[in-house]
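Participant: One structure, pasted below without further comment.
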Amino acid sequence: MHQATTAPIVSYYDYIIVGGGTAGCPLAATLSQNSSVLLLERGGSPYGNDNITDLAAFGAALSDLSPSSPSQRFVSTDGVVNARARVLGGGSCLNAGFYTRAGADYIRLSGWDARLVNESYKWVEDMVAFQPPVRQWQAAVRDGLVEAGVQPYNGFTYEHMYGTKVGGTIFDPNGHRHTAADLLRYANSSGLTVLLYAPVNKILFTRLGGIQKPRAHGVIFKDANGVDHRAYLKRGSTNEILVSSGSLGSPQLLMLSGVGPRRQLKAHNITMVLEQPMVGLGMSDNPMNAVFVPSPQPVEVSLIQIVGITRNGTYIESACGENFAGGARTLDYGMFSPKIGQLSTVPPKQRTQKAIDKAVEDMKALPQSAFVGGFILEKIVGPISTGHLEIRSRDPNVNPSVTFNYFKDPRDLQRCVDGIKIIESVIESKAFSPFKVDSLSIINLLNMTASSPVNLLPKHANASRSLEQFCKDTVMTIWHYHGGCELDRVVDRDYKVIGIDALRVIDGSTFRNSPGTNPQATVMMLGRYMGVKLLRERLATVRPN
């Protein structure tokens, strides 16, 4: 890894990858085996940062709002606070670590080669995936799901199948995170150049010999001193620019480079290379709704380990412990904490910075007993509801404006309601009874958690509020947003940008639906999968010559 300030002003490579995230790292590691590869990452290194590495510090990176933070906060127009990665390894450096594959139907509908998909998952898993230790709370959730009818119990598996299972994690047995950046250990170091703090301003295009179809041939990136550098593709029909900047970054970069809706390009005085009205459309974020369950006894610290894959389009998961994987350093609600923008006790449009700051202050005054327990969450599949993305500046570091339209489609809302009902059944199950407070009346329970920035079961919190309204009012993100450069709309089945040569988008922005229960495994797999396919294409071209 090198700082971009050390890079030459002009350089040449076989492949230029924009974005060293969850897809970009495995893609770069694979292509470096027999090509020269430049990997450009706008953020820094994850190594040596305990806020990224340690399970006990989960949430610290997401709550860091400094310019050097590995996380960049954004707020959708819906009002839900969210985050995008700004670090080598991408979202795998910030997430709750759950590792699980996409289902067979998802693989088939994506047009992927099932055998290569399986080999690519295995390549990823050998480096970063582990079996989690399932302790008391998680075991109670597991058994409660089975008792609630989310069957069969499938044991520990990476596979996506109906029922209840223990999934994988990228946290090792010592509680240390292994990210997509670790996949760079597979790389041929002589074939790979990794530059940090190297945001790409635009992709450069040419039209060779009067051909009307534009061809990508280079990029302009800026170093930390504000100096522009140009990296170009070497001559060769198989050399390409590969965009892996994520669901915000990839459509944003295409627009900044002149590929996108005419109206947006014109509004920012960007010269149009190709009118492509589908860039930035299909933005989706799987809504998450969670309920807090105070426990009468101490519980272990754990992030997501168990998932119930239901037949009604909802996934049930849980996290628990004092500080909810924040260890004993501070009293916090981890992945449900207002410190990271997760404030679900007020509707999205009321989640101002002032409201978030007040919730953080209120949390400081709570007794330790208010943090003993856990959250059970539901996330819907899909989703069906979609929105759009618009650029707000020609500066790639400025977040675009994003609308997700949570629950716009009534089928999404119904799935949330069904999910909350399953959570209720889990809490009422015999298996979960050791973690349910029976000695306290509902009034006492409410008083104990009244100033907590978390939600109890809606029927307890306010009998007049319907489950539908509860879903709308308490919606949060689980950071599984996707779309913006969708398959068959912006890119073809080989991930080539339609209408442009030597340019592909390979990341979660191409997804129409989120894969599996949690997407990171499939995003890493896709980087490896497409890297292998590109290597094969290259060999097929070279051999006849």
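The backbone N, Cα and C atoms fix where each Cβ goes, glycine too.
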Participant: State the disulphide partner of Cys416 as given in TrEMBL, choosing from Cys471, Cys485.
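Facilitator: If we follow TrEMBL, the cysteine bonded to Cys416 turns out to be Cys471.
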Participant: State the non-local partners of the domain 'Glucose-methanol-choline oxidoreductase N-terminal' (246-260) in its own chain: residues 6+ outside its ends, Cβ under 8 Å from one of its Cβ atoms.
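Facilitator: Sequence-remote neighbours of the domain 'Glucose-methanol-choline oxidoreductase N-terminal' (246-260) are 18-19, 21, 42, 74, 84-85, 90-91, 200-205, 270-277, 279-280, 283, 389, 391, 394, 396, 399-400, 402, 481-485, 490, 497, 500, 505, 507-509.
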Participant: Round to a whole number and give the Cα-to-Cα distance in Å for the pair Cys416 (disulfide bond) and His480 (FAD binding site).
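Facilitator: On Cα coordinates alone, these residues lie 16 Å apart.
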Participant: Let's see if you can do this one: DSSP helix, strand and coil counts over the domain 'Glucose-methanol-choline oxidoreductase N-terminal' (246-260), in that order.
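Facilitator: Taking the domain 'Glucose-methanol-choline oxidoreductase N-terminal' (246-260) as a whole: 11 helix, 2 strand, 2 coil.
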